[in-house]
């Protein structure tokens, strides 16, 4: 069920991570710690959220007052930032499943954590990941 | 019963001030204990103006929260703030002065927390565009909000409590507090460059970033803006025409809120989310606890002692209330402070022969509590809200960073208020 999936570390440059997400149209990235163990999943939506200044999140009407060149500068927010900074401040439960978990177990984790992908591990080692689209593919194929 | 009332009140007050528990839990818990032990009862807690929940205050706040909840959807505040920043031509000092003045004026008509919630995102945007530190701007705006809120009956919750307890009208506040606030704002504006020295350096190339903001885009629904403007005119006519219409401010606010809900078509859940139910319940719990102190005679005794301490001298009493209020409001939230002190001041006014002196006591309480809110980072709810916004934006404001400026500003505003009260109510009255 698991597919090979790119991983990034906590200290990976945020811009590199964003480019990886963009170039391969990924729903998110698996983040590993210094020892290569799964640390968290960085959903692409979280990176998008980081691009939006907090003042625009607080007052969405401010997004309209910026013209196109000003709005384009949002990518500057990734400069000099690592993946660690992109992750939510509050620690969230790691979306991880065992290599022998069933489709419904994987779906339950995704639904509960609202995460577009889960890391698949065996004996603490990452085997790959399952994305929401891969999961749906398997579910539909079963019928 | 008196001892129980005092102990429960003190414990709840300590919990509120130290935030060991949520302030709502402390206020409602204290009220519940007093009711359970029979220190007060349903008759006194729910139906007495002197010893129970002040429904005028609760419903005035509720009405204004609904109106503001709809008003903030218009984007008018963002429009004005960005327009002002552009008029300042990117000069950080001029931006700060204009934004603080807008904040002060808005705070006179909206509650301070709402004003800060509205002005802070625009400020962060402008500072981000200019590439300057927004912290001094946010601190200055909070201070302006606490000063401006003192101007009217509805500007700051302590004023609403004072008005309800004293019987002073919207126009009384306009005649007595607004001139003081205007003077304070002039002084505040003059002090700003020194208070935030070194915060106004900007890269000239970044000024263009502010000038390119399009404030017109902030207003999405001009028809809603017109409806809100019309209802606000009606509401303020109701406040000002109190003697003509004989409608309490709470009734005017509720009618205005109802009218705006009807004509705006804003979905119920949208404007109801702007109602701070926790704040309203906190007020209710607070009123029951203070009411128990009134019922058991504690407040009367306290007023007697203050009267003896001031030896029946009105000027001394006014100055004492002004200074003590400023100090205590900096340490604890000014809402519970004023809720507690209002019955004490009410007792004191009964011993005053000159009505001007009696009213001066109320203005001293309002000025001390409202301006005192600037003294520390926890002196007023608006301060706490602004610090939270700054932290989320990655620009943390430390307790001492705020308090260093706050103590100075409070000292200045009280130093202005003292001669104002002395001249107006003792020398010239």
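Positions of Cβ are set from backbone N, Cα and C atoms, glycine also.
Between the listed ranges B:197-214, B:251-268, B:341-358, B:359-376, TrEMBL ties the annotation transmembrane segment to B:251-268. The listed stretches are B:92-110, B:315-332, B:407-427; of these, B:407-427 has the most Cβ pairs under 8 Å to the transmembrane segment (B:173-192). Sequence-remote contacts of a segment are chain residues at least 6 beyond its ends whose Cβ falls under 8 Å from one of its Cβ atoms, and for the transmembrane segment (B:407-427) they are 143, 147, 176, 179-180, 183-184, 187-188, 191, 195, 314-315, 318-319, 322-323, 326, 330, 356-357, 359-360, 363-364, 367-368, 371-372, 374-376.
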